[in-house]
Structure formats: C-alpha cells, structure tokens
C-alpha cells in the first residue's frame with residue numbers, strides 16, 4: 001500500500017499545556033512517520049484560508065482568534081491510510097463525544113479548544129500541506 005500524507009496541527013491549547021510530545025509520540029507509536037514539523041504562530045490570513053470552509057459560520061471569528069492566539073505545531077505525518085489513522089487517533093471534534101484513548105477523549109474538554117486538527121480527507125490533506133509546507137507534497 002502506498003504512503004499517504006496528512007497535516008496535523010497541535011493547537012495553541014495543546015502547546016501551552018505541554019502536550020506536543022504526547023501527540024508526536026502517539027503518532028509515531030501508531031506507525032506513522034513525521035516528515036515535517038514546525039513551531040509557529042499563524043498569521044491571520046493563513047488561518048482564514050485554512051478554515052475558509054467555515055467563513056460563513058457564526059464561530060468563524062472565534063476560531064481564527066483562537067488558532068492565532070499563540071504558537072502551534074504544524075506537522076506532516078506519512079504512512080498507509082494516514083488520514084484515516086490520524087482521524088481515529090484524534091477522536092471526535094467534540095471532546096465529550098471523543099472515545100477514551102483518543103487524544104481529544106483523553107486531553108480536551110471543550111469543542112472550541114479541542115487540542116488538535118487533522119485533515120479530514122486525502123484531498124484536504126494535500127491542500128492543507130500545500131498551505132503550511134509549500135513544496136512538500
């Protein structure tokens with residue numbers, strides 16, 4: 001099976017709580033390889049592009065404010081069915097509905113600060129990787 005790539009963001013709440021190592025460790029223990037990793041504070045324009053599909057929703061402004069509020073870690077993981085594997089590892093968007101053992105189930109408390117973002121499809125992964133790591137995909 002060919003390797004697939006996916007983008008993961010450890011959001012500002014995860015960075016400030018010191019959970020980057022936990023996230024990276026779980027990704028690696030899952031059998032995926034990290035091929036790019038960067039600590040950065042997002043510019044508003046990048047955040048607005050990244051979350052563009054939510055632009056008309058009432059929570060868009062709050063989402064952009066949060067994701068640009070402090071440093072985050074952007075990383076690209078690679079392996080067979082990487083998108084699907086990471087979605088399972090991350091857990092449901094709402095931490096209350098996330099399974100125990102998932103990152104959100106274990107470490108997140110509220111939907112607005114849910115620790116981590118993962119691409120939801122191979123197509124989204126390509127678009128997101130191109131935005132965060134131009135030239136990598």
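Note that Cβ sites are derived from N, Cα and C of the backbone, with glycine treated the same way.
Secondary structure at residue 117 (active site, pros-phosphohistidine intermediate), as computed by DSSP, is strand. Close to residue 117 (active site, pros-phosphohistidine intermediate) in the fold, though at least 6 residues off in sequence, lie 7, 8, 9, 11, each with a CB less than 8 Å from its CB. The active site, pros-phosphohistidine intermediate feature in Swiss-Prot is assigned to 117.
If you look up Swiss-Prot, you'll see 11, 59, 87, 93, 104, 114 marked as ATP binding site, on the strength of sequence analysis. Within its own chain, residue 59 (ATP binding site) has 112 as residues 6 or more apart in sequence whose C-beta sits under 8 angstroms from its own.
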Set of same-chain residues at least 6 away whose C-beta sits under 8 angstroms from residue 93 (ATP binding site): 104, 111, 114
Assigned element (helix, strand, coil) containing residue 93 (ATP binding site), judged by DSSP: coil
For residue 104 (ATP binding site), the number of other Cβ atoms found within 10 Å of its own Cβ: 22
